[in-house]
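All remarks here apply to the structure that follows.
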Amino acid sequence: MAVCGRKVWRASVAELVGTAVLVFAMDTIVISSYETKTETPNLVMSVVIGGIVTILLLATFPISGGHLNPVITVAAMFTGLVSVSRAAIYIAAQCAGAVLGALALKAVVSGAIEDTFSLGGCTLNVVAPGPNGPVVVGLETSQALWLEIICTFIFLYASIWMAFDGRQARALGRVVVFSIIGLVVGLIVFISTTVTGAKGYAGVGMNPARPLLKSEKEEMKQLDQAMSLHSFLGLQDLFSQNIWRAAVAELIGTAAFVFCIDVIVISSLESQATMPNLVLACLIAVIVPILVIATFPISGGHVNPLVTFCAFLLGLVSLSKALIYILAQCLGAILGALALKAVVSSAIESKFSLGGCTVTVVAPGPNGPIITGLGTGQALWLEIICGFVFLFASVWMAFDGRQVRALGRVTVCVIIGIVLGVLVFASTTVTAARGYGGAGFNPARCLGPAVVRGGHLWDGHWVFWVGPGVASVAFVLYVKVIPREHFHEIERVSK
């Protein structure tokens, strides 16, 4: 019983972290959708929310059962799927996670964005200035209450019950069930923010939930095996032809990645589109899966020091292999930046700095040069948080053999691309800072243009290395405390 109790508490850590990621992602989506100034921001918000909910469900399923919402935990308790004690532990973890997610968002958004959008929080009404004094606009409490009741019931009936029912889950498959849940959440968000026609009302506060599905118990042998000093260092990898051949794939893959991403950055901004960051995010979401799928059979498709460093900390690759890969990635990034420099005009190169990563830029002003951009501390926090979300919501699926077998390689790679696209869109929107190029996510991509172009690209460049490094360490610490078993295995043993 004592061991089972510890496993439940460890599972609650997954609930805490998962809910924190959920709150950060959802509130960021809310702010980003309205900040883009589109004619139908609630439609954009609903589509993105539907996609991110599905991804988070897939990411958290093998860990804790992934309720991530007190509504789901209470529903599971009343249907007899969890005990009262476990429900109380989970709800406490979810509430604590929600606070952490909001604090993380507060750390990276500007003061103006925070005041305008109230951190993307749930509102019934707001006080707006009027000709004769403040005016309260929004929805009446009783109307909002009925909307919460009806929408939550529809949510449970149309999607969550499908996950609670083992027959449905087995018949449809995990991906289909989670996609349906994401679709239902997106539709309800769109409807609740549209039919009321009330400014100041932010829509139903319903949180997406992670269903309980029956699954087979599988141990993650690669992570559970203790590594000897010999395997930790992996000195034999230094003399392995296969490793060096894989490193060549990493070099070429990273060169192609940097060239494509920087071309996308320049093209999106140069196109004079109404929402260049949205165009940028969509194109990144398409090109990343293609490049990962292309390099995966040869080297594992890292093409990113963040991924390689995290794999090393988890014991999936040796120290020697990690160093070889990171060296190859950095050289590849420089080659990719050189290739871009060779084909773009000097005016484009100067204007967009080869699409490199920037924290601040120096612009001419009436009284001399003006430095615009983001504070180093704020940029560092954004790198850490976005890096952790990237690992939690997508890369962890690729590391977990159970998920890869269940979802398929292509699906996992597509999810990685979507998550990266959403984070790029969010990080370039919520900060509202000219001169800041958004979270880097890939230290090598930032290094290539900095080496080739130089100048202000070196200002704060360390942020794009330290941030992902801290994110990797934080993610590995999280992985070490979560239980290896699926949720229903814990439930069965404890009874």
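Quick reminder: no glycine exception, Cβ is built from N, Cα and C everywhere.
Taken from TrEMBL, the feature transmembrane segment covers 12-31 (among others).
What TrEMBL records for 43-64 (among others) is transmembrane segment.
What TrEMBL lists as transmembrane segment is 144-164 (among others).
Among the features that TrEMBL reports, transmembrane segment is placed at 171-191 (among others).
Residues annotated as transmembrane segment in TrEMBL: 243-266 (among others). Among residues of the same chain six or more beyond the transmembrane segment (243-266), those with a C-beta under 8 A of the stretch's C-beta atoms are 237, 280, 283-284, 287-288, 291, 294-295, 298-304, 320-321, 324-325, 327-333, 335-337, 339-340, 344, 348, 352, 354-356, 437, 442, 444-445, 448-449.
Annotation source TrEMBL lists transmembrane segment at 278-296 (among others). Non-local neighbours of the transmembrane segment (278-296) in the same chain are 36, 249-250, 252-253, 256-257, 260-261, 264-265, 267-269, 271, 302-303, 409-410, 413-414, 416-418, 420-422, 424-425, 428; each lies 6+ residues outside the stretch with a CB under 8 Å from one of its CB atoms.
Beyond the ends of the transmembrane segment (326-344), by six or more residues, the same chain brings 247-248, 250-259, 262-263, 266, 302-305, 308-309, 354-356, 444-445, 447-449, 451-453 to within a C-beta distance below 8 angstroms of the stretch. The transmembrane segment annotation in TrEMBL covers 326-344 (among others).
Under the heading transmembrane segment, TrEMBL lists 379-399 (among others). Long-range contacts of the transmembrane segment (379-399) within the same chain, counting only residues at least 6 positions beyond its ends with a Cβ under 8 Å from a Cβ of the stretch, are 17-18, 21, 24-25, 52, 55-56, 58-59, 104, 107-108, 301, 306-307, 310-311, 314, 316, 359, 407, 412-413, 415-416, 418-420, 423, 426-427, 431, 436, 439-441, 460, 463-464, 466-468, 470-472, 474-475, 478-479.
Here TrEMBL flags 406-426 (among others) as transmembrane segment. Sequence-distant contacts of the transmembrane segment (406-426) (same chain, six or more residues past either end, CB-CB distance under 8 Å): 25, 28-29, 32, 48, 51-52, 55, 58, 174-175, 277-278, 280-282, 284-289, 292-293, 296, 301, 386, 389-390, 393-395, 397-398, 438-439, 441.
Per TrEMBL, the feature transmembrane segment maps to 462-482 (among others).
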